Amino acid sequence: MTAFDFGVHSAHFYNLLAVTEGSMWHSLADILILLAAAIVLGTLAEQLRQSAILGYIAAGTLVGPNLLGWVSDRQSIFDLAELGVALLLFAIGLEFSLPRLRRLGRIPLLAGILQIILTLLGGLVVSLLLGFSVSESLAIGAMIALSSTACVVRMLNDRAELDAPHGRTALGILLVQDMAVIPLMLIITALVGKGSAGEIAIQLSVSLLLAIVFVAVFYGLFNFVLPRLLELSSLRRNRDFPILLAMVMAAGSAWAAHRLGLSPALGAFVAGVLLAISPFATQIRADVQPLKTVLVTLFFAAVGMFGDLNWVIGHLGIVLAVVAAIVAGKLLITFGATWFCGQPWQFALGTGLCLSQVGEFSFVLATVARGTAGAPGILSESTFRLIISSTIATLLLTPYLIQLAPIAANLLRRLGGKRPAENEPLTTDAPAADLNSRRETDDDLILILGFGPAGQRVAGELLQVGLKKIVVIDLNHENLQMAEQYGLRSQLGDATQIEVLEHAGLYRSRLVITTLPSPTVCRQIIFLVRQLAPSTALYVRCRYHLHHWQLLAAGADVVVDEEEHVGECLAKHILESPLLQQLRASQKSKPDTSAEHE
């Protein structure tokens, strides 16, 4: 049986199980199949010490319409999964306040513009030399000019390299590329014959005006309306409301940008940046994390669905040649652009390695350039397949290229005669004050989870003995204001979420104290702390004696039992009371008659 026959039989078997085409349940079945395949192949990739992204893309190719055919509606899934990229950029934006974004400097802006122009021209010239028409060559240049925001940001974030010199520059250039999406789309639309030069100029002006309106509106919402809304007591009492509000803000910013004809990912990032100065930023990022994870995984699987393995095998030589040319060309162009704009050459090479792939937006540009059956465009079917296949191949190479970035920087620094110190970080040089979780340059932090009366008493005692490196986490805004009056660092957030604990500095803490009354919440926190920072001491409040041994078994080092402690305190006060002597004297003078009444 050939691979084609196996795909036909597999597709037939799936159709027997599938529900009515076009229904919501059919779409859900497609999503579940994609996610299940992504889990299996992503886990396999991790077992082989490769990036899970490779497994996700391979999963989409495997179950997609060009191989097994279990999932056919790739465009609808791709459109839905784009929200995952927007949520990813929204979460990254929450880490970048406006002052921190300004510290990126002029290098990413200038280098990004230069890189787009040079890559577009390079693609144009090479395509012309290969015999393509001017329109087709210009479209090819526009497609390869963009890099993958989703893949690069995800990889840099997972490797904690967004604050590295090459990581910050790469992020800045990606944002410039996102801003260039609309002009490039308009250019290709005009090449297909759907717009004149005057119409393109008008569209660009309108897009710029709408972008200004977008920023102004969201700045007003996030700085004047949202803080008052989040401080409402009803929102604080019901944990569901802040989560729903976080999702509305994240998805709403992406939708608003899309509705205005802007890049949804860029709109979500801008919204995140505007919200970054809010004390609610960390909690909002934690709230959108689960859905972001699902949709980003779905996005990479949807990208894989565009691949046609049979076509690639039949044209393997030309695909490999194009991939090699794209990676080498974009690496050299990005390296040259960033170095020319002022970045040290060793970090410029790291930036070039990060951005040497073709971005997922090339699928959209290629689809527009190909046209439809009734209105053919400027790209032939073979050129379309070549662009799509080469794009996926460069995305598959991206994890390896990003892994090389800090290694290349280290090697070039050694060759340049500058040997880094033994503990000098090659992956970050950001000021320590940039992130809330890095305000202390040393370790030995104490985290207090919950700042009610118990937490305040603990903090007061610790301050009296000179322990000042204390971070308070609480969902109650009034409790956080009290912590600030104590002179303590504070963070609004739910301590049962990994993002919140990490941002507060769990990895650098020596002691975690939870004063929260709920035993269920305490068990969740114990599990997370033991998983993330197993050597950190953990002291836990226990409201009822019933849960004392459960919390110890869960992993707490010390459990303070309220009922037992109350009993001890009551007994102590009674024994120290003058009333005790009176009771003893009274009971001695009277015979014990209790036995007679039994």
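Even glycines carry a Cβ here, placed using N, Cα and C.
Within the set 347-366, 527-546, the record from TrEMBL flags 347-366 under the feature transmembrane segment. For the transmembrane segment (109-132), the partner stretch with the most Cβ pairs below 8 Å, chosen from 52-71, 169-192, 264-282, is 169-192.
Outside the transmembrane segment (294-313), and at least 6 residues removed from its termini, the chain residues within Cβ reach (under 8 Å) are 3-4, 31, 34-35, 37-38, 42, 53, 56-67, 71, 74, 77-78, 80-85, 87-88, 150-151, 154, 319, 360, 363, 385, 388-389, 392-393, 395.
Between the transmembrane segment (52-71) and the transmembrane segment (386-409) there are 3 or more Cβ pairs closer than 8 Å, counting only residues 6 or more apart in sequence, so the two stretches are in contact. The largest share of C-beta pairs under 8 angstroms with the transmembrane segment (347-366) comes from 386-409, of the ranges 264-282, 319-340, 386-409. DSSP states for the domain 'RCK N-terminal' (443-560), grouped as helix (H, G, I), strand (E, B) and coil, give 55 helix, 29 strand, 34 coil. Taking Cβ pairs closer than 8 Å, the transmembrane segment (319-340) reaches residues 107, 111-112, 114-115, 118-119, 122, 126, 144, 147, 169, 173, 312, 347-349, 351-353, 355-358, 386, 389-390, 393-394, 397, 401 in its own chain, all 6 or more past its ends.
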